[in-house]
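Annotations for this protein, taken from TrEMBL, read as follows:
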| type | residues | note |
| --- | --- | --- |
| BINDING | ARG29, GLN30, ALA31, GLY32, ARG33, ASP79, TYR155, SER210, HIS326 | substrate binding site |
| DOMAIN | 24-33 | domain 'Uroporphyrinogen decarboxylase (URO-D)' |
| DOMAIN | 143-159 | domain 'Uroporphyrinogen decarboxylase (URO-D)' |
| SITE | ASP79 | site 'Transition state stabilizer' |
Amino acid sequence: MSLTTSDRPAFLRALAGETLTTPPIWMMRQAGRYLPEYRELRAKAGSFLGLCYNPEWAAEVTLQPIRRFGFDAAILFSDILVVPQALGQKLWFVEGEGPRLEPVADRNRLSEIDRHAGLSVLDPVIETVRRVRAGLPTGTAFIGFCGAPWTVATYMVAGRGTPDQGPAKDLFTRDEALFRDIIDRIVATSIDYLCAQIEAGVDAVQIFDSWAGSLGEADFERWCIVPTRRIVEGVRARQPKARIIGFPRGAGRLIPAYVRGTGVDAVGLESEIDRGFARDEIQSLVPVQGNLDPLVLRAGGPELEREIAAVMEAFGQGPFVFNLGHGILPDTPIAHVERLLAAVRG
Ligand SMILES: Cc1c2[nH]c(c1CCC(=O)O)Cc1[nH]c(c(CCC(=O)O)c1C)Cc1[nH]c(c(CCC(=O)O)c1C)Cc1[nH]c(c(C)c1CCC(=O)O)C2
């Protein structure tokens, strides 16, 4: 049975360049701590990674926001830092703080982690993809993802999140060959990982570059644009129909160069971007996704109404996916998410 155009998920139609009267909507981090049903399963799993690597639970968590809110797309429940794990690096999460890895700051450490390398570490995540696919309603699209090489490298080098990405910047200044080697490994594994997700059933993939905004123009070209283009080309060589969304958070005025240079099909926009610029210089190139401020969603009230209208006003006349400019905050009231959906869907 072939699907007619109108049976195609609205999310995929928008990514293909259609302007829809009601834009499709999903939210970054839509499966997460603001949901009581997530917190319940998270407590049962004991740890975040325990949840990520249990296909039954991870599939359930992926589907929770779809059942509750009927978003237009589900996003795989996992983390960008499972790729360093596939590269052999130890990863753990400190409760209330965030991720920790054994830092890779010299050549010896890199050759040590290499011994354990293997994509099979991610088999449970691929099994999660199959289960979610089987459980998703038709009309709901399914998004897979990975971290962009630059952002993943910042965690691999520092061993944790850093306010200014200083350790990774120091490394590419001090030992460019070593940093390039790290980037190359992330690129190769990310291509295999995204292709495995697509083969198992995701409709589109998003490349999260959360720290893209911390790079100056020349470094943005070599550490963000070039490695991302290699992933896009590597995935397309094997999966010509793959839909790829880039999210170079904070890249602002460099986003048109990112779109042209990487060849992504669509781009996510941070909340801070100038919306007039984004409409004229970015949405004219590719469909855009974003960019309600997560703080405004959490606050609710008249400011939320005004901002939803401003986002719709800026992007509603072109190909557009409604989203936040970054992940939903854990203490966001569920009623505000319900209000957002009602306002966007009219
Ligand atoms: C930098 C980054 C990470 N992970 C991710 C990024 C890029 C996007 C961004 O900038 O937010 C991406 C990510 N992380 C998670 C997803 C799942 C899909 C989704 O719902 O969007 C995705 C796409 C789940 C998660 N990843 C994490 C949680 C919270 C874990 C918990 O339940 O305790 C979730 C639901 C943990 C995580 N994972 C990471 C950090 C820094 C943290 C700690 C901060 C935090 O707790 O929010 C690394």
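Glycine residues also receive a Cβ, built from the backbone N, Cα and C atoms like all the rest.
Because TrEMBL annotations are produced automatically, they should be read as predictions rather than curated entries.
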Under a threshold of 6 Å between Cβ and any atom of ligand 1, which of the recorded positions ALA31, ASP79, TYR155 are retained?
ALA31, ASP79
Fewest neighbouring Cβ atoms within 10 Å: which of the binding-site residues ALA31, ARG33?
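Candidates: the binding-site residues ALA31, ARG33. Fewest Cβ atoms within 10 Å: ARG33.
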These are the binding-site residues: ARG29, HIS326. Which one scores highest on other Cβ atoms within 10 Å?
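Highest number of other Cβ atoms within 10 Å: HIS326.
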Tell me the coarse DSSP state (helix, strand, coil) of TYR155 (substrate binding site).
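Its secondary structure by DSSP: helix.
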Just the number: how many Å between the Cα atoms of ARG33 (substrate binding site) and ASP79 (site 'Transition state stabilizer')?
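ARG33 (substrate binding site) and ASP79 (site 'Transition state stabilizer') have their Cα atoms 14 Å apart.
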Please report how many Å separate the Cα atom of ARG29 (substrate binding site) from that of ASP79 (site 'Transition state stabilizer'), as a whole number.
10
Could you list the residues of the same chain, at least six apart in sequence, whose Cβ is under 8 A from the Cβ of ASP79 (site 'Transition state stabilizer')?
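Listed in sequence order, they are PHE48, LEU49, CYS52, PRO99.
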